[in-house]
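Asks: Sharing a structure with you now.
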Amino acid sequence: MGLDNLKVGLAQMLKGGVIMDVVTPDQAKIAEDAGAVAVMALEKIPSDIRASGGVSRMSDPGLIERVMDSVSIPVMAKVRIGHFAEAQILQSLKVDYIDESEVLSVADSSYHIDKRKFTVPFVCGATNLGEALRRISEGASMIRSKGEAGTGDIAQATKHIRAILSEISALTQAREDELPARARKLGAPIDLVRETARLGRLPVVLFTAGGIATPADSSLVMQLGSDGVFVGSGIFKSEDPKAYAAAIVQATAQYDDADLLARVSRNLGQAMPGVSNLDVRFSNRGV
């Protein structure tokens, strides 16, 4: 098995699960105990990044290492778009996955990281199929629909996952001789367009992120066709993080069981405060 296939296979192992943002080892343990398949180590969760403004960068390596030492599940960490030096640092730390993330400030407005040069699998965001295929062509092993991180508002997440999946559906119905024109319109390599049309899905796993705050939110995007979810501020900005973490994990695993969803949604306390009017849209970064 080639390195690229190995990295894609590692990401496939997370399918059907929940990846949670954490800022301390104690939060990482809560996530692991709740059944998260991985954690994202950050100095600030997205809602705090949004509130504080300024330039947001890769987290302190010491924090990332403390989180890695505290749990047995995979640990991810974020780098700025285009900042391959930050990615080199994370690879040296032996993180399990690197997220080239629009939640952080953009380091290079012209180029994303060439992820094929790394042994660590990368996660990248996308709002549409063209964006997703361009990131895969650069070596991304997992795509997450962007949504709007740190808002608690699911609207952009549903918009983006629907856009990606509807464009894939349209590809599967296209004639072979139409695919080169589709590839040009998408701004994506023809070989990836052909593979996606043949598979009827992306050649890598597709998670949803940005605005997931309740078990029902998680069920919604899973029913729409997501392979799993990232939950950032929705856990540790809620009234009862342990309860929300466990409930969202259960809702993701059994997303089509309405009786279970009703049961795990009871008596959770207040969900994270939401933000609907945005001056800064993270999802517009790094298209």
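For all residues, glycine too, the Cβ spot is worked out from N, Cα and C.
The active site, schiff-base intermediate with D-ribose 5-phosphate annotation in Swiss-Prot covers Lys78, and the record cites sequence analysis as its basis. As annotated by Swiss-Prot, D-ribose 5-phosphate binding site applies to Asp21, Gly150, Gly211, Gly232, Ser233, with the evidence given as sequence analysis. The annotation D-glyceraldehyde 3-phosphate binding site is assigned in Swiss-Prot to Arg162 on the grounds of sequence analysis.
Provide an account of the burial state, proximal residues and distances for the features listed.
Replies: Its Cβ placed at the centre, Lys78 (active site, schiff-base intermediate with D-ribose 5-phosphate) has 27 other Cβ atoms within 10 Å. The secondary structure of Lys78 (active site, schiff-base intermediate with D-ribose 5-phosphate), as reduced to three states from DSSP, is extended strand.
Cβ neighbours within 10 Å of Gly150 (D-ribose 5-phosphate binding site), excluding its own Cβ and spanning all shown chains: 27.
Secondary structure at Arg162 (D-glyceraldehyde 3-phosphate binding site), as computed by DSSP, is helix. Around Arg162 (D-glyceraldehyde 3-phosphate binding site), a 10 Å sphere centred on its CB holds 14 further CB atoms from the protein chains shown.
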Asks: Cα of Gly232 (D-ribose 5-phosphate binding site) to Cα of Lys78 (active site, schiff-base intermediate with D-ribose 5-phosphate): how many Å, rounded?
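Replies: Pair distance, Cα basis, whole Å: 12 Å.
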Asks: Cβ within 8 angstroms of the Cβ centroid of Asp21, Gly150, Gly211, Gly232, Ser233: which residues besides those meet this for the D-ribose 5-phosphate site?
Replies: Ile45, Pro46, Ser47, Ala149, Thr151, Gly152, Gly210, Ile212, Val231, Gly234, Lys237, Met272
Asks: What's the CA-CA gap between Lys78 (active site, schiff-base intermediate with D-ribose 5-phosphate) and Arg162 (D-glyceraldehyde 3-phosphate binding site) in angstrom, rounded?
Replies: 25
Asks: Under DSSP, is Asp21 (D-ribose 5-phosphate binding site) helix, strand or coil?
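Replies: Going by the DSSP assignment, Asp21 (D-ribose 5-phosphate binding site) falls within a strand, counted as strand.
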